[in-house]
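K.L.:
Dropping the structure in here first, questions after.
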Amino acid sequence: MTREDPATPVSTAPRPNKVEPVSGVKLALIVCPMYFGVFLGALDGTVVTALLSHIASDLHELSRVSWIATGYLVACAAFQPLYGKISDIFGRKEVLIFCNVMFAIGCLICGVSYNLEWLVAGRVVSGIGGGGIMSLSTIAVSDLVPLRLRGIFQGFGNISFGMGAGVGGVVGGILTDKYGWRFVFTIQVPFICLSIFLLSVFFKPGKRSTARSRAPSEEDPLLTDNTTEEPKEETRREKFRRIDVLGACTLVSTLLVLMFAIATAGDQFAWSSPVIIGLLVLSFLLACAFVYVELYIAKEPVIAIELFSNRTITASSFTNLFGTMAVYSILFYAPIFYASVFGMTPTAVGERLGGNFFGVAFGSFSSGILMAKTGKYYTLGCLSGILLILGSAIIVSITPESPVFLQYVSLFLTGTGYSGMLTVTLLALISAAHHDYQAITTSIQYAFRGIGSTLGVSIASSIFRNVLKTQLYENVHGEKADAIIKKVLDSVDAIRQIPIEYQPAVIASYNVASKVVLSTALAMGVLSVICSALMREHKLHSTIERD
């Protein structure tokens, strides 16, 4: 169904005086420093995808290499939902600068690490900062421009993200070949410091909502005390008291337990083992505790659970979840597929990932313009999902004998579809709820994106390891079989170092494992389109107040 549905909840409180949108040079000076941070965060993400096989070989940790990505993504997923509310309390600028500082510290730790544990720790710290940079740039821009034009600005944000993603893969591969993978992390620190300087000088946040807590209104349980008066000045202690600590802790615990269960299942423990079953049950109980805390205990919940009674918000959220699972599985395992089966160098892999950038740029900009002109998003959302499916299907079908241009076209299509989907679902979420819940609904999108990226990489890693191990024991035989299997399980580079008579069997095993992971990503893409079809059309207003 695509009929227009009134935004939920609808406030009966008097509206503040008309807010004039910021425009021209002033707006550019505000937006550019934020999107520069987004660029750096995206660059850091794709740098890792291009380096995974090299890092795994250097540290001899192929079986656990996914934790380099998972550590970052778990931190993003756990902390991104908090930043909407925290920035309402402490201010957009202050929290953005904090996130940049954390991001820089994390990169520095990664650059000096010499074992997997320290490298993962650095990625966790980077994730705490990087997640905030991504979500707060979106929230802050929503304070400044009307919803009808929001898609265009989200397009610019996605282009910044896509540009960083595209450059990250290419630059990461080149720098690794010349200077080693550690240099790729340390070289980012001075650029992050530049981002902090630009934010300090130029960033001037827009007017934020004064919504504080739930009101006891039976007609509208989500209606907050939306006063037109300026909030009184609070002490730092009073601000900290407003943070939903219990909700944040239960959310983080839920994700950590779930990710550990998925990452270790089938490797250290069997799926049917009491340990894995116990962890999954514990994760479910913690999730129930989180929902209870947000519904009945938290005065200012980090995620307003009641919002999910709105069909568009729920459908948009799960569109983000499944779409992100699909894309991150592809971005992290297509490089391993190309390196192992096609024998590509990190530089060549980075060049293929560059196709994703052009897709993100095209999908973001075109979808933003179309929504600004038509005021509609439903059909565009479905078409974006279909492009994502098409790109995924091409990657699944590629072989070394396929035309080379398909290696670029496939990632171009996935980038186009995913970026269009992100822009559409953001506007769908914001338009489906009252203006005062703008930051919260944006946090919901990033929460589901964060969970999707974490689940996508963890599930893909578990599937890849299990299938690869099974295939190797079925295909590799002989006196040296056990030693060779152990070696190629820990290092992609080892494939070209083992005796040549064993290489075809090992490459065939990697091919099957990669194709199973990429086929799973395709299935996730199909689920994202189904969820997208369940959204409803809402009005995209031309004023900040949505008059």
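Any Cβ shown, glycine's included, is placed from N, Cα and C.
Quick paste from TrEMBL:
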DOMAIN    30-540  domain 'Major facilitator superfamily (MFS) profile'
TRANSMEM  65-83  transmembrane segment
TRANSMEM  95-114  transmembrane segment
TRANSMEM  153-175  transmembrane segment
TRANSMEM  181-203  transmembrane segment
REGION    210-235  region 'Disordered'
COMPBIAS  218-228  compositional bias 'Acidic residues'
TRANSMEM  245-263  transmembrane segment
TRANSMEM  275-297  transmembrane segment
TRANSMEM  318-341  transmembrane segment
TRANSMEM  353-370  transmembrane segment
TRANSMEM  377-399  transmembrane segment
TRANSMEM  405-434  transmembrane segment
TRANSMEM  446-464  transmembrane segment
TRANSMEM  516-535  transmembrane segment
K.L.:
At a C-beta cut-off of under 8 Å, are there same-chain residues at least 6 beyond the transmembrane segment (65-83) that contact it? List them, or none.
P.N.:
45, 48-49, 52-53, 55-56, 59, 95, 99, 116, 119-121, 123-128, 130-132, 134-136, 139, 243-244, 248, 251-252, 255-256, 259, 263, 302-303, 328, 332, 443-444, 446-447, 449-451, 453-454, 457-458, 460-461
K.L.:
With pairs restricted to those 6 or more apart in sequence, evaluate whether the transmembrane segment (181-203) and the transmembrane segment (275-297) have 3+ C-beta pairs under 8 Å.
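P.N.:
Counting Cβ pairs under 8 Å (6 or more apart in sequence), the transmembrane segment (181-203) does not reach the transmembrane segment (275-297), since there are fewer than 3.
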K.L.:
Averaged over the whole of the domain 'Major facilitator superfamily (MFS) profile' (30-540), what is the pLDDT?
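P.N.:
PLDDT averaged over the stretch: 83.
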K.L.:
Top stretch among 95-114, 353-370, 377-399, 446-464 for CB pairs under 8 A with the transmembrane segment (245-263)?
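P.N.:
Counting Cβ pairs under 8 Å, the winner is 446-464.
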K.L.:
Short question: which residues 6 or more past the ends of the transmembrane segment (318-341) have a Cβ under 8 Å from it?
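P.N.:
For the transmembrane segment (318-341), the sequence-distant neighbours (Cβ-Cβ under 8 Å, at least 6 residues beyond its ends) are 46, 49-50, 52-53, 66, 69, 73, 348-349, 352-353, 356, 381, 385, 388, 392, 395, 400, 407, 411, 414, 418, 421-422, 425, 445, 448-449, 451-453, 455-457, 459-460, 464, 492, 495, 507, 510-511, 514-515, 517-518, 520-522, 524-525, 527-528, 531-532, 535.
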K.L.:
Do any residues, 6 or more residues outside the transmembrane segment (446-464), come within under 8 Å Cβ-to-Cβ of it, and if so which ones?
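P.N.:
Sequence-distant neighbours of the transmembrane segment (446-464): 66, 69-70, 73-74, 76-78, 80-81, 83, 131, 134-135, 138, 255, 258-259, 262-263, 265-267, 303, 317-318, 320-329, 332-333, 336, 422, 513-514, 516-517, 520-521, 524.
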